[in-house]
């Protein structure tokens with residue numbers, strides 16, 4: 001049986017989409033040293049080549065892709081978006097605005113000076129900043145009529161310019177950002193590792209990049225005379241066993257009666273005590289504990305140790321430092337802190353925000369007691385609240401259709417901004433009401449990534465027909481301008497952060513990468529800093545930058 005592959009793909013558009021996706025995703029995994037192309041650029045290049053070979057698809061049919069992508073970006077940003085001004089929040093906002101304003105300004109003036117075709121500049125800026133939301137915002141402005149297409153062009157040609165500009169500039173933006181992270185500290189005679197250690201010393205951090213996470217274990221001992229001498233008649237609160245060793249006494253059996261002790265309890269000879277703590281904490285126990293006989297008793301040791309993810313919700317907790325939680329009072333152990341899907345260093349001085357996820361372990365009732373105080377335990381259900389997901393999606397589209405009039409000027413926000421706002425609202429409500437709008441993180445990631453890939457396939461197949469013609473005509477100009485737009489804003493942001501805001505270098509570099517939404521460069525900075533301290537800065541700017549980049553794409557295409 002003979003199979004005409006070309007005819008098969010031409011007659012089966014769904015098959016064509018997934019063939020392009022499969023090839024593009026495989027292509028995106030290619031590495032050049034430590035540099036990986038990534039899914040977005042792999043799928044875009046593949047779809048451009050397939051488009052050049054004559055395969056086509058109605059790009060408008062795949063606009064659902066960018067809608068889902070930008071909606072999911074809003075949901076992820078929602079829990080932390082309104083808390084962006086806590087502590088260093090104003091610094092992160094200033095850095096994000098520095099990158100945004102300088103990039104838009106440079107792109108606008110340079111593209112007009114160079115006479116670039118309509119759409120090329122927005123695509124170039126999206127690639128130079130490795131910021132797909134710029135591309136999404138620009139296309140939505142075209143779809144909604146916010147941007148006016150020149151008379152000598154049509155929508156397909158503008159879409160072609162967007163995708164070609166993005167494809168040519170993306171690698172320039174990625175490579176230049178990585179080189180910035182490597183070279184600028186050396187040129188400024190700074191050591192990111194030293195800067196990270198400085199923050200660690202100031203805030204009482206450990207080396208979270210090398211930290212291992214264990215569940216607490218339980219050991220039981222019979223109180224002997226040596227331990228009684230050591231306690232010297234002090235109660236448990238005065239002894240401060242947790243502060244000294246990291247263990248706490250969960251149960252006491254006295255005269256055959258089991259009890260949960262409070263801080264006023266005083267140990268007596270013959271008591272049997274169950275201690276909970278990490279293995280290394282048990283090793284730090286005073287020898288007086290171990291001099292008594294270790295007890296192996298089911299009733300005494302029968303404690304249910306759990307590990308839960310607690311989402312910060314309480315207004316009384318948001319805005320406070322991690323150290324203010326005083327976990328020792330609850331007998332709980334903190335394993336990690338996650339914000340905006342980025343694991344944060346174990347910073348006792350970090351200011352908590354709504355939506356932060358604390359991974360906590362300990363005895364079940366104690367962990368649940370802590371959760372009731374600060375928020376709620378994250379739902380481990382695999383079921384998504386599709387009703388809320390779809391309802392807010394509809395609200396976002398409806399909001400984007402609302403037309404506002406100022407004098408003789410009328411405009412609508414468009415789907416991108418409308419869906420961003422509805423997504424942020426859903427994410428914020430989810431952080432405050434655990435039973436509402438729940439979407440498993442894995443499902444959210446899949447919808448977001450698949451939506452972005454559909455978007456890339458659509459614009460690539462539509463624009464691929466004249467890609468090599470564009471490369472020969474404006475390739476050098478686009479690459480040169482992309483280098484300028486990629487480098488100058490981050491240098492300006494560095495100068496503002498270092499000399500005006502006087503930020504720590506490790507935090508500053510993480511914040512700049514977050515403002516550039518360049519996740520691949522984050523690994524480079526963490527490697528150079530030998531720590532995850534820069535993630536504090538990255539998480540501070542990433543959420544706000546995603547929103548601003550979408551608006552930047554809309555603004556730039558309108559001004560072009």
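Each residue, glycine too, has its Cβ placed from N, Cα and C.
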(message) Labelled transmembrane segment by Swiss-Prot, one stretch among 358-378, 505-525. Can you tell me which?
(response) 505-525
(request) Using Swiss-Prot as the reference, determine which range in 66-86, 129-149 is annotated transmembrane segment. (result) 66-86
(message) Among the residue ranges 325-345, 409-429, I'd like the one that Swiss-Prot describes as transmembrane segment.
(response) 409-429
(message) Can you tell me which parts of the same chain pack against the transmembrane segment (539-559), counting only residues 6+ beyond its ends and a CB-CB cutoff under 8 A?
(response) 70, 73-74, 76-77, 80-81, 84, 88-89, 91-93, 95-97, 99-100, 103-104, 107-108, 119, 121-122, 125-126, 129, 131, 133-142, 146-147, 339-340, 342, 344, 414, 416-417, 420, 424, 510-512, 514-517
(message) If I take every residue in the domain 'RCK C-terminal 2' (293-376) and average their pLDDT values, what number comes out?
(response) 81
(request) Take the transmembrane segment (37-57) and find every residue of the same chain, 6 or more past its ends, with a Cβ under 8 Å from one of its Cβ atoms. (result) 9-10, 13, 16-17, 20-21, 23-30, 132, 163-164, 166-167, 170-171, 174, 449, 452-453, 456-465, 467-468, 520
